[in-house]
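Questions regarding the structure given below will be posed in turn.
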Amino acid sequence: MSGLPRSVPDVLDPLGPGAPVLVAGGRVTGQAVAAVLTRFGATPTVCDDDPVMLRPHAERGLPTVSSSDAVQQITGYALVVASPGFSPAIPLLAAAAAAGVPIWGDVELAWRLDAAGCYGPPRSWLVVTGTNGKTTTTSMLHAMLIAGGRRAVLCGNIGSAVLDVLDEPAELLAVELSSFQLHWAPSLRPEAGAVLNIAEDHLDWHATMAEYTAAKARVLTGGVAVAGLDDSRAAALLDGSPAQVRVGFRLGEPAAGELGVRDAHLVDRAFSDDLTLLPVASIPVPGPVGVLDALAAAALARSVGVPAGAIADAVTSFRVGRHRAEVVAVADGITYVDDSKATNPHAARASVLAYPRVVWIAGGLLKGASLHAEVAAMASRLVGAVLIGRDRAAVAEALSRHAPDVPVVQVVAGEDTGMPATVEVPVACVLDVAKDDKAGETVGAAVMTAAVAAARRMAQPGDTVLLAPAGASFDQFTGYADRGEAFATAVRAVIR
């Protein structure tokens, strides 16, 4: 279809032919939103404070505006469509909210256009969220759907944006959504949705933990709600869900209406009386987290009728994504594992607990999260810690309180040298890579080389040197993938 219906369905209100829409953000998401709005006959204006981001839109003939000017003109717009990283606290969106102008995200726009039939018969959305495990679970779900012979597309916070896949001939969407995306998707009602777990994260974006949790809960408002029962916050969301069908999953033996583990096999007692799905040993993701991811994916797949055989085939052949518990090397009896995607304390804890003896490389940007409970839970697994990044002192303080006998090394980079370098840890030292930096090596690469070398000196045969940072990477790297690649490069250099 090339335009909005002349008689606009309620689901699209206030979006209609010629409707003036402010697109907040001119980057990749903004480009997709502006293109879709133009295609369907609305009148978008693109807002960004970077002239470089506005130039391509202006060259296409679209009006552009700065955020300060947009604030002054806000009542002239019927709708604002915001990029997912835009916090509700920024002046532009605060002004829109105060003026009563609706604010959608790109996911909300996609949901409404799909529900209105603008791309043909609406798809069934199977949505995954949670603090950790989203990407693995959604990828596993997509593999299950394909193995079951269903026409399914992987999208959202993984793969392609939802707006970019609605033209594809799919009946099902396997959608990973973040709390940012869900915050701006108030009308989303998926066929089935899963909350894997809830832990402190992104508190620099969400005003409170309650707001973060409420955003996650939006995936449980459709037909089938799925949540992890071993996580108290996720379980509470399931109890309060308005969904007609509520399904829990757990590591233990499942009750009726649940999926779980019995006799080392995954078992479905929610969509069948008692159906064995697959052996735990066939799950390629290490530790309890892999079992939980497989259970969540299986619950969503079973909710749309995927048979047990297809689920087992998909899991057995599944390959974990890069920088997610990825074994980089084994040398001298020591295993080196890249879990750079563990960007918050909850994920780091799950990663560490998958191994019996760990030299932990951690640190980065904690985003306002505390990690005392996590460090206490994994202290018995730690035989050493090497700390990097801006918030390394917070990690060191938690270690000093909950794992005081664990030796700790802090790696200091040039721009960090004015920061606190030591805390009261019994066996601690500081490595200043700025004093011995290799020519042409980036700060992040130098930090990681020093960190891996220090970890190697701590480790013994049978140990795992684990990069599970518990923080974001942007203080010293361009992203978690860059951090993971730096780790792999450093490992190869240290063990050769």
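Each residue, glycine too, has its Cβ placed from N, Cα and C.
Keep in mind that what you see is a predicted model, and the values were worked out from it rather than measured.
According to Swiss-Prot, the record shows the following:
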- G130, T131, N132, G133, K134, T135, T136: ATP binding site (BINDING)
Which residues, same chain and not among G130, T131, N132, G133, K134, T135, T136, have a CB within 8 angstroms of the centroid of the CB atoms at the recorded ATP site?
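So the extra residues in range turn out to be V128, T137, L196, N197, D293, A347.
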Which has the fewest other CB atoms in a 10 Å radius around its CB: T131, N132, T135, T136, the listed binding-site residues?
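Fewest other Cβ atoms within 10 Å, among the binding-site residues T131, N132, T135, T136, is found for T135.
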In three-state terms from DSSP, label T136 (ATP binding site) for me.
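Its secondary structure by DSSP: helix.
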